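If you check TrEMBL, you get these features:
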DOMAIN    11-457  domain 'Major facilitator superfamily (MFS) profile'
SIGNAL    1-26  signal peptide
TRANSMEM  71-92  transmembrane segment
TRANSMEM  99-120  transmembrane segment
TRANSMEM  126-150  transmembrane segment
TRANSMEM  162-189  transmembrane segment
TRANSMEM  195-215  transmembrane segment
TRANSMEM  264-282  transmembrane segment
TRANSMEM  302-326  transmembrane segment
TRANSMEM  338-357  transmembrane segment
TRANSMEM  363-387  transmembrane segment
TRANSMEM  399-423  transmembrane segment
TRANSMEM  435-456  transmembrane segment
Amino acid sequence: MRLIPSTRFTLALLVSFALFIQYSQRVSLSMGIVCMVNRTATDNASKFSVKYGSELLNDKKFAWTEFQQQILLGAYWFGYIFTLIPSGWLSITLGAKRMFAGSLLFSSIATIGICSIYFIDRFNFYVALFFRIIIGFTHGPLFPATYTFWSVWAVPLERSTLTAIGFCSNNLGTSVTMLVGGLLCRYVSSGWVHIFLLTALCGFIWLPLWLWLVADSPQTHRTISEKERNYICKNIGLNSEDKKKKTVSLGSLPWKKFLRSKPLIALFVTECCNLFGLFFFYTNVGKILTEIHRIPTQYTGYILAAGFICMPISSLLAGIIADNVVRREMMSLTDVRKLFNSLSSFIPAICMIVLCFCDHTRQVLGLVTILILLFSSALAYGSGYIVNFADVLPAYSSIVFGIVTAAATFGALMANVIAGLVIKRPVLEDWRKIFILFSIIYVIGGVTFLILGSAVPRTWASLKVHEPQQQMDNVTTNAADEEEAIPMKTVAPINE
């Protein structure tokens, strides 16, 4: 059945819009703080100046110390990590639709709340800190809840495409916010207020569309056609007449099987390794461009925006290509996942090595290498480890993703601590040690997925109704070999 137009395609677009808003609100402070802080202030008083007489707002800045600024920027992750683990289970119990709606509603309110510090002369830092933690807290459930949607909406032959559409806007939101935020900071008095207002407004525009056009499952959607409902339910293994909400108790989860599952171990190691390098690169690429390659600051924003625009293109292309290759039976789904995951691990590893030899004397090579690193990293969002959770553990993908991502994110934050201990001077010699370390870590993640990774669903984590166990034993004998010969849509789940 055609994907465009369809209800599941509309859902993918709305998920994409939601994640665009999430990333816009996430980086709004990173961009806004540029024009929020009075760089020449030596006291704790807020400063006023009028940039243009016709402006509605005076140009208000705050005398926050460097330590306070870092605390504000890091406060988002404190709230974010705190809700990652329970949000997967909550999205199944309460419904992913409600989780999305509640998350962006309250994050948009909190984003507007930051604007209130314009009218506050005392304790403005603590007010901003409070709202920043709330924004991170409310954003935590979004990614795990996405997997809850795709477990019941994305048929295997479309999973890469739908997931890529949903995830491709992440870095687009970052890029657009950087560009627009930079212009607002430069040309508008108190431009930071407008940044927060615009990113919050997007959330309020998205919310009614989401509430009207989305449902937790095909069975409960009000306007989906009978043909599309039957198509989705048949390919996923759902009962098209069953409209009961599924619930999962934490005590009933197969924790021992989680720990013993080789594909899950591969996902855990790969995500930890990739995020360890990628998050470090996200937070330091500006410093690399300005300090090592000596690119003027006014051009850095444009370069970063171009890089982040490359990432959604890469993700979307990977998803479309992966689904077409599997649909034509050119490769098994497992091989496709391993291929794109390897590209998203080994190419960044090579790029890190190349950066060891790039300074201001090789600006062009360094710039091209950075763009290639960003482009290749996004392949995982189209058909790599990010998508693989829904392949292997469809019934528990949101829960497991939340747990694994929380651990990987915490580890990724430690990357900046390690970098702070190693890098003493803004010179290539110090940075080279970090590049080599992260290159090795990328390779570890890629090799682990090549050895242990799989795209065959586990029987204990599948949504499908299974055959009697004696028949399943016959089907899954030597399943690793059968997967290569049997079309992906007919491969039986593996019972580990």
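Glycine residues also receive a Cβ, built from the backbone N, Cα and C atoms like all the rest.
In summary, the transmembrane segment (71-92) does not lie against the transmembrane segment (162-189): fewer than three C-beta pairs, each 6 or more positions apart in sequence, are under 8 Å. Touching of the transmembrane segment (399-423) and the transmembrane segment (302-326) is ruled out by the presence of fewer than three CB pairs under 8 A, sequence neighbours closer than 6 excluded. Sequence-distant contacts of the transmembrane segment (99-120) (same chain, at least 6 residues past either end, Cβ-Cβ under 8 Å): 15, 18, 21-22, 25, 28-29, 57, 60, 62, 87, 90-91, 127-128, 131-132, 134-135, 138-142, 145, 148, 190, 193, 196-197, 199-204, 206-207, 210-211, 214. Long-range neighbours of the transmembrane segment (363-387) within the same chain, counting only residues 6 or more positions beyond its ends whose Cβ lies under 8 Å from a Cβ of the stretch, are 159-160, 163-164, 167-168, 170-171, 266-267, 270-271, 274, 278, 281, 285, 288-289, 292-295, 303, 306-308, 310-322, 336-337, 340-341, 343-345, 347-348, 351-352, 354-355, 357, 449, 453. In the predicted model, the domain 'Major facilitator superfamily (MFS) profile' (11-457) shows an average pLDDT of 83. Away from its own ends, the transmembrane segment (195-215) comes close to residues 10-11, 14, 17-18, 20-21, 24-25, 28, 31-32, 97, 100-101, 104-105, 107-109, 111-112, 114-115, 177, 180-181, 184-185, 221-224 of its chain (Cβ-Cβ under 8 Å, at least six residues beyond either end).
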